[in-house]
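Chemist: The following block contains the structure, expressed as structure tokens.
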């Protein structure tokens, strides 16, 4: 009895522990669980209604406590039934993009007491029952976003509700009973209803706690006088973006809102502010009237508004302001007026404002039509501090026009037409401290211009065309601190011009024509910029021009300096930053930097340095950043960096370095970043092994042939290693050991042929590695071992033909795999078994011909699958059936003629993009389902074409021709579709009609020399048949129909062969009468009856083979063996008995996958650097940017976008959730070089083109030109599709609804600038000309077509959750770019042949060159029922032409009467047989089979028995025997 309480306490403790922890992922699929502190979050995605319901039930079984957040996202849930969430204890609920159209009345039953917040983002949601929210006593926040919701549920009675947000485009009215009895409601947001035009009386009556009411973005044009009555605590009212034209109506409505402080009426239709518009608003402090059509402020517009402080009137059409529009009592407190971008052309309006607003402190009149300021126009205002008159038409300012303004501190008059020819001085402003006169026409400056400004501190005279500064120009401004005279035409500045300015600390004289350093600078100066001048030499040490003891920054870049004087900088002992980049320096002497011991940053890039004294840097003991990029250094000696122990960043790229001394970096214990790319290194120097603190090293574009593990083993803190574009041949075991912090490894574009097992073992933090563009042929077992954090792998542009199933051992986090542009012929050769967590798989541009079920069976989490540019001619079975989360499936440019509806039956509801363009589709009744689907889903692309050129979506099939087919193209038959099989899976030949032909027959069964044998290919297969007689050798060309003994039309659709796997072939033989089996059991057809087999005699041979312990494969290609008599036998093998049971209508339960989903780690996503090829290099080797540097980013943790409870005085809700109608990321637009039609077809050869840039680029004033330094931006755009062409340049772009506007773009062939209009016109016109024939295609133009050359995929689509805002930094430039030069179509084009010609395309003349690649970031969402173009999948773009891979040669064809092995096929490379390491393949058919709802395992008396060659269990034989025995008993009893 004493043990019972202990047992109960133990059970309670276990339950408490389970309640506070997450169950394993496989237990609650398709949901996932994560912890955030002590809070539990459940996230269910990419599934359908039955799976989600099963997942929620599993969650209910495994989690007994409360669930803090439940997120259902990107599912296919058309409706939510009652008690959908069961008895789960949900605190916060999020539904986002699940295609929900309606919910039942009791969908939230049993959640009344616990639910605190609801967040619903469902664009297709049409109805929410009015009473569905009743009883939610603890509800604090509700958010609903939809496009179809016309009627809102009843919110009344939610006593705890504090926050309500509803955004719907179909809302037309707001009944008054919706908002009753809400005593705690503080915030209401009702937006987006363009049909909501009226607000009736008493709508918000009695909301005593309401503080913020937002009714913006609706169609309101009438509001009842008492619609907003009895809101005693309302502080903010937002009515912007409506159709309000009567501002007086609003003024009368808000008159009773005593505590109203902020009123927003911007973006309406207001044309005039009439008398009495705003009266008796005692607490109103901020009024927004901007972005209307206001032309006039009339008399008495504002009356008794004593607290009004800020008025926004910008972006209107104001021409006149009445002097008494703001009466003295009303305008006495106004402090800021924004009036920019109006049409005020007379200074009287400006004067009226100043007179009416005696306390005005800020006035912005920029962007108006003011042309002159007469005498005394702006005088006598005692409080004005800031006056902005930028971007007007000012040509005349009379003498003393600005005076008697003692408080004025800042005056801006940028971009006018002022000149020094006007009467001076303009002003008498003793308190003015900042003056901006940039972008005017002052050619000369003398003392009269700045007279009357004794307190001036900051002066901007840039971009004026100045040619002269008089020596006494600043005589009246002794307090001047900052002077900007950049971008002028000054050639000399007199030494006495600035000498008396004792407070001057910054001078910017960049981009002038100065020949020498400015003389006579005051000793207090701290910052000097002389960038972009014509300075050829620096003053000698004896000169006082650089005797500046306080100087901290000196920029002398982009000049013509050839040498540095001895001790030239010793007078600037406080110098911290020195830039001598882009000059003509040829050597560094030991005395060049003496005297500047405190220097921290030194830029010497892009000079001609070929000789540097090893003592030149000895004085720089404090140096932290050194840039020697793009010089001509050949070696790094022992003592060159010996005294720079604090160096943190060192750039030695693009030199000619061949050797590094073993002791060169002995003292660099602080070095974190080292760039040695673009040199001539032959190995990784031993001297680099001492960099213990190194975090980032770039050794790409060298001639390194071997990686010394003992050297890189010293980089214990390294995070990124780049070794691309070298000559590395092999990765040996343990090459990258002892690198515990390594996250990114780039080995692309090398000569790697072999990766030994364990070469990348034990890298616990490795997230991404790139082995693209190498010469890999196969990946063996345990090549990539123990990589728990690995997320992405890149193998594109190799020669891969085989990947072992155990190649990724203990790498369970892999979610992105790129295998495009390889030599895979069969998907069975890709070991995907251990990659169960894959979400993105790219198999584009291989030689795959058949897509079958088994190779893809384990990919339950796959979201995106790309198989473009293969030779796929058939999809067998249902390979996508186990992919409930599949959103993107692309099979462009293959050989598919027909696509069965049943192939996509289980994924049609969830898939967003199904791209089969470029296939020779037969537009017959079988394809009608796809045509209907394209129309029903409003698919944003034109879709595939028929062979006659029509679009499939617009093709119409007559009903009379499709009598036997349903709406999905499935042929209806009254007969039995089950093929007649024996217990081995043989199909009797009498069931195969004469007109049957396998579409892929001519292309199967052959391989190139050196390919591994297929799975299951062994001598045992041929033991079942008589030996074949050798046939004469055949040619490699396609076999024409004349060579065949008889025509072979397509297969009769009455025969369903879906229960077979991989490849099936049949001889043509006339069928026996009747299509079904003569034996049935209760209507189910029975296979062939063999009494000998029934009593055991038929299994003798199989038992003997089984006892010999030969592991037989699970699948095999069909074999045709020519017999002397001309008769043949056909074998078909089944993967398991469960496939056949589908025809017997037995429901088979899928086994739960034991997969670990540990990839959601809450880490900060870091922005990967994406390198451009946009700079100049002279005298060095051609070096390109890092080719396969991707922008893969670790997936955001699922907590991002979660809930924060919304309570008073607390910001909460789903704040980070991004609007799905907008895309984020880089949209890259480039110019098209060459013939557009050839480029679209993917034909071309890449070459490198150097860019020649000017030595000193000047800023340009034209909007169509770009300056020397481009700014790379990330813009949020509407979801229009922007076509990305192969040649890519990073530019700032913005995409609008119907067009793409490019702000800056440059061509790659010259320095000529291309205007945005020219760029868009050239690209769109040339490409649009291809689609003039079809109306639907003409509507799509090119923005709706995926890029033809996109064949690879980046990893940003892994989660399909919008990431947080990215901050893309400006990246260093490169001097070489890649472009695509078109070739003739005959060089590399694939011509589609007829049914009997399946000759593969010839290989290219040479392997693909190493080239640049770039990522394009887009997002994929479910295509909703609206006219909104959906973005394409994220794609990894390679700038080299795809072509066909090296070695993709013609395969041998099978004739109709024989199958022979040619001499070429017999010359196979001697490899380990495929069966070694394929135990997992055979084990999959040893699993327990659930035949009758149980899990019984059927065993024979001896060891387990397999089917001949197909690894089938003996249970199927036993089932045959049992069925036959029962049938015989029934027949005996009937007799």
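Cβ atoms here come from the backbone N, Cα and C positions, even for glycine.
Found this in Swiss-Prot, in case it helps:
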COMPBIAS  1253-1270  compositional bias 'Polar residues'
COMPBIAS  1271-1285  compositional bias 'Low complexity'
COMPBIAS  1293-1315  compositional bias 'Low complexity'
COMPBIAS  1316-1328  compositional bias 'Polar residues'
COMPBIAS  1377-1391  compositional bias 'Polar residues'
COMPBIAS  1398-1407  compositional bias 'Pro residues'
DOMAIN    919-963  domain 'LRRCT'
REGION    1036-1055  region 'Disordered'
REGION    1253-1331  region 'Disordered'
REGION    1377-1416  region 'Disordered'
REGION    1429-1449  region 'Disordered'
REPEAT    64-87  repeat 'LRR 1'
REPEAT    136-157  repeat 'LRR 4'
REPEAT    183-206  repeat 'LRR 6'
REPEAT    207-230  repeat 'LRR 7'
REPEAT    281-304  repeat 'LRR 10'
REPEAT    331-356  repeat 'LRR 12'
REPEAT    406-429  repeat 'LRR 15'
REPEAT    521-545  repeat 'LRR 19'
REPEAT    573-595  repeat 'LRR 21'
REPEAT    669-691  repeat 'LRR 25'
REPEAT    739-762  repeat 'LRR 28'
REPEAT    811-834  repeat 'LRR 31'
SIGNAL    1-19  signal peptide
Chemist: What same-chain residues lie close to the repeat 'LRR 15' (406-429): Cβ under 8 Å, and 6 or more beyond its ends?
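Modeler: Hits for the repeat 'LRR 15' (406-429): 361, 366, 373, 381-400, 435-446, 448-453, 460.
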Chemist: What are the DSSP helix/strand/coil residue counts across the repeat 'LRR 31' (811-834)?
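Modeler: Secondary-structure breakdown of the repeat 'LRR 31' (811-834): 3 helix, 4 strand, 17 coil.
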Chemist: Average the per-residue pLDDT over the repeat 'LRR 15' (406-429) and send me the rounded value.
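Modeler: In the predicted model, the repeat 'LRR 15' (406-429) has a mean pLDDT of 91.
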Chemist: Take the repeat 'LRR 12' (331-356) and find every residue of the same chain, 6 or more past its ends, with a Cβ under 8 Å from one of its Cβ atoms.
Modeler: 290, 302, 306-325, 362-374, 377-378, 380-381, 384, 388
Chemist: From the DSSP assignment alone, can you count helix, strand and coil residues within the repeat 'LRR 25' (669-691)?
Modeler: 5 helix, 3 strand, 15 coil
Chemist: For the repeat 'LRR 21' (573-595), give the DSSP counts of helix residues, strand residues and coil residues.
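Modeler: Taking the repeat 'LRR 21' (573-595) as a whole: 0 helix, 5 strand, 18 coil.
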